[in-house]
Amino acid sequence: MIVADSECRAELKDYLRFAPGGVGDSGPGEEQRESRARRGPRGPSAFIPVEEVLREGAESLEQHLGLEALMSSGRVDNLAVVMGLHPDYFTSFWRLHYLLLHTDGPLASSWRHYIAIMAAARHQCSYLVGSHMAEFLQTGGDPEWLLGLHRAPEKLRKLSEINKLLAHRPWLITKEHIQALLKTGEHTWSLAELIQALVLLTHCHSLSSFVFGCGILPEGDADGSPAPQAPTPPSEQSSPPSRDPLNNSGGFESARDVEALMERMQQLQESLLRDEGTSQEEMESRFELEKSESLLVTPSADILEPSPHPDMLCFVEDPTFGYEDFTRRGAQAPPTFRAQDYTWEDHGYSLIQRLYPEGGQLLDEKFQAAYSLTYNTIAMHSGVDTSVLRRAIWNYIHCVFGIRYDDYDYGEVNQLLERNLKVYIKTVACYPEKTTRRMYNLFWRHFRHSEKVHVNLLLLEARMQAALLYALRAITRYMT
């Protein structure tokens, strides 16, 4: 994914020279610049102006190559450059990513990449599927397996059911699913193998959310020629290219929205300091209201379902199975997952530490890196305490997956998260393949792109933690 030798440094400079004031050679000539302009922006993201993401992201990566030099022999990819807008988080992310896919472990390297293919294919994430297909072959994988699941070993095919549930409805996972994989037989999984596989599946599901949420594009050829662009939904084909939100035409209204958001944040922080308590019954009622209202938070009806690509369908069983709202009208909903009954800190982390000790600490660090990441800024304002906003985003993501915190007032979610942001969050977390540039542009119109990437880091980690909590709870019940 990223390399720290001279080849990598040259590649980073290739990225940087296309940003204003870039390093390296004097940059592309006038003819080359005009050619690039005719082709349109050709950066790592379809949503973020090339100058911003390449300048900040690539420079951040270059400054952090000392750590990566010890661990990798890949290439700098577009995902890494965009995530590099937040280098402190990227360090934690990369440590776990490298552990899961490149160090010794219960599963063979080629198997891990095949599991990653299975996970990414559930969301039709061609970016990750293609990347892991290449690495699968590089690590000695059998090319026959790439013809589809039917060519893979039975042991891998047995992961399909839990892969499907983790990707779309993790609350349906039970101890019986765990038992079916661990029961004695010819194609049985060991507990150590299964834990690594489950962490890898949730890692790649949530990484698919990040890829779609940030509009990550395939890498271009080495000579700088453009790679195929991400498909654009028909409803957006006439949309103009993404603009810097700090200069958008609705600047006055957007600036007023920022001021109003900051006022609400300040009021909430003051009420917390005054300890204006809310009864437990009222807290529960507000959660149920938020969960019910999330039914109405859906993408626009004119957004067409993306057509599954045959190259990915071959890795997917039951392709029509997808996310369904945790609480559906007229349906018997599963019981709410009370976070206090099975927390990451007290239950999930300790189980992972026992069964996959090298991964538990890195997982915890990655969750904390995303949750606590702050620059104390909002749009054009600095010195801002953003903790209540970050908590509202994290808890709303868990809410759409049916997880409730008894000590959290879900009234804060409605006060802090505008509808466009809710639509974006739910789409990226639950059915990321439906994410569009228009959704990205509509929320937080006066915020920096790096702040929108920050939202995607919260999405990635909150989604992964939610799915892991359901899976680890099922394992705990199986073991007791």
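From the backbone N, Cα and C atoms, a Cβ is placed for every residue, glycine too.
According to Swiss-Prot, the active site, cysteine sulfenic acid (-SOH) intermediate annotation covers Cys125. Cys125 (active site, cysteine sulfenic acid (-SOH) intermediate) falls outside any helix or strand according to DSSP and counts as coil.
For Lys175, the entry in Swiss-Prot reads ubiquitin cross-link, with the evidence type experimental evidence. Around the Cβ of Lys175 (ubiquitin cross-link), 15 further Cβ atoms fall within 10 Å across all displayed protein chains. Mapped onto three states, the DSSP output places Lys175 (ubiquitin cross-link) in helix.
Residues or ranges marked as N-acetylmethionine by Swiss-Prot: Met1.
Swiss-Prot lists Ser249 with the feature phosphoserine.
Marked as region 'Disordered' by Swiss-Prot: 20-45 (among others).
If you look up Swiss-Prot, you'll see 66-239 marked as region 'N-terminal domain', on the strength of experimental evidence.
Residues annotated as region 'Disordered' in Swiss-Prot: 222-252 (among others).
If you look up Swiss-Prot, you'll see 272-291 (among others) marked as region 'Disordered'.
What Swiss-Prot records for 308-480 is region 'C-terminal domain'.
For the region 'C-terminal domain' (308-480), the model gives a mean pLDDT of 92.
Cys125 (active site, cysteine sulfenic acid (-SOH) intermediate): 26 other CB atoms within 10 A of its CB, across all protein chains. Lys175 (ubiquitin cross-link) sits 29 Å from Cys125 (active site, cysteine sulfenic acid (-SOH) intermediate), counting Cα to Cα.
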